[in-house]
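K.L.:
Before we start, here is the structure in question, set down as structure tokens.
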Amino acid sequence: MNKTVIGVLASGRGSNLQAIVDAIEAGRLNAKIGAVISDNPEANVLKRMTAADIPTLCIDRRQFVSRHEFEAAVAEELNIRHVELVVLAGFMRILTAYFIDRFAGKIMNIHPALLPAFPGENAQQQAVDYGAKVSGCTVHFVDEGMDTGPIILQEAVPVLEDDTAETLSDRILHAEHILYPRALALYCEGRLKVEGRRVRIIETE
Ligand code: GAR
């Protein structure tokens, strides 16, 4: 089967992207990274991927007068590289309807909580502050809402009595690194079927 070309948008550390790269190298994910784009020139993800010989690109939001122009530039780079699936991996910008329409049904995100609980920023702090006993992570398709798109996979993680946002984040991150490559592999194998809000996983024989 052909490899799916993925384009990754990331703003920071890049540990989820590293897990994706590792899954590709281990043969667990039949994909090829067409581009890694960061909106932040200082992002560690750029250094990390350049060291790993993965094509990286910085598109600095500050160079554009509007969100629309910024997103058009990102979309253009993804199209030039024939990207088939856009993967948000710690991308800290909200995408507008314009970008989401251009890649309709072809954008995935990972969020560090069990959606629909604790959407938006600082999800781990929200879980600690709320006194939740369980949190986790969610991989979902992106729609126009804030972390509201159809859910693909979720993994629960306990919230311990002494947890801070940092200790809970570490525990969730460990689960993220397993969950995201698994969700991507399902997509690349053509095993995800979206029916309204529900994402069905097609069994293999
Ligand atoms: C991850 O915990 C991811 O779930 C979160 O940012 C972190 C990125 O880490 N994403 C969001 O909060 C998106 N709303 P990484 O750069 O090491 O992959």
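These residue numbers are counts, starting from 1, taken along the chain as shown.
Just so you know, glycine gets a Cβ as well, placed from its N, Cα and C.
So TrEMBL has the following annotated:
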{"type": "DOMAIN", "residues": "7-184", "note": "domain 'Formyl transferase N-terminal'"}
{"type": "BINDING", "residues": "GLY14, SER15, ASN16", "note": "N(1)-(5-phospho-beta-D-ribosyl)glycinamide binding site"}
{"type": "BINDING", "residues": "ARG67, MET92, ARG93, ILE94, LEU95, ASN109", "note": "(6R)-10-formyltetrahydrofolate binding site"}
{"type": "ACT_SITE", "residues": "HIS111", "note": "active site, proton donor"}
{"type": "SITE", "residues": "ASP147", "note": "site 'Raises pKa of active site His'"}
K.L.:
Measure from each Cβ of the binding-site residues GLY14, SER15, ASN16, ARG93 to the atoms of ligand 1 and list the residues where some distance is under 6 Å.
P.N.:
GLY14, SER15, ASN16
K.L.:
Tell me which of the recorded positions GLY14, ASN16, HIS111 ends up closest to LEU95 ((6R)-10-formyltetrahydrofolate binding site) in space, Cα to Cα.
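P.N.:
Result: the closest of the recorded positions to LEU95 ((6R)-10-formyltetrahydrofolate binding site) is HIS111.
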K.L.:
In whole Å, note down how far the CA of ARG93 ((6R)-10-formyltetrahydrofolate binding site) lies from the CA of ASP147 (site 'Raises pKa of active site His').
P.N.:
12
K.L.:
Find, among the binding-site residues listed as MET92, ILE94, LEU95, the one whose Cβ has the highest number of other Cβ atoms within 10 Å in the structure shown.
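P.N.:
Comparing the binding-site residues MET92, ILE94, LEU95, the most crowded Cβ belongs to LEU95.
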K.L.:
Average the pLDDT scores across the domain 'Formyl transferase N-terminal' (7-184) and report the rounded value.
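P.N.:
For the domain 'Formyl transferase N-terminal' (7-184), the model's average pLDDT rounds to 96.
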K.L.:
For the C-alpha pair, I'd like the distance in angstrom between MET92 ((6R)-10-formyltetrahydrofolate binding site) and the residue listed as 'active site, proton donor', rounded off.
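P.N.:
A Cα-Cα distance of 11 Å.
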K.L.:
Among ARG67, MET92, ARG93, ILE94, LEU95, ASN109, which the record lists as binding (6R)-10-formyltetrahydrofolate, how far apart in Å are the two most distant Cα atoms?
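P.N.:
Taking every pair among ARG67, MET92, ARG93, ILE94, LEU95, ASN109, the longest Cα gap is 19 Å.
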K.L.:
Could you check the binding-site residues SER15, ASN16, ASN109 and say which one's CB has the fewest neighbouring CB atoms inside 10 Å?
P.N.:
SER15
K.L.:
Select one residue from ARG67, ARG93, HIS111: among these recorded positions, choose the one with the most other Cβ atoms within 10 Å of its Cβ.
P.N.:
HIS111
K.L.:
Return only the integer: C-alpha distance in Å from ARG67 ((6R)-10-formyltetrahydrofolate binding site) to GLY14 (N(1)-(5-phospho-beta-D-ribosyl)glycinamide binding site).
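P.N.:
Between the alpha carbons of ARG67 ((6R)-10-formyltetrahydrofolate binding site) and GLY14 (N(1)-(5-phospho-beta-D-ribosyl)glycinamide binding site) there are 23 Å.
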K.L.:
Pop the Cα-Cα gap between ASN16 (N(1)-(5-phospho-beta-D-ribosyl)glycinamide binding site) and ASN109 ((6R)-10-formyltetrahydrofolate binding site) into the table, whole Å please.
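P.N.:
Distance (Cα to Cα, whole Å): 11 Å.
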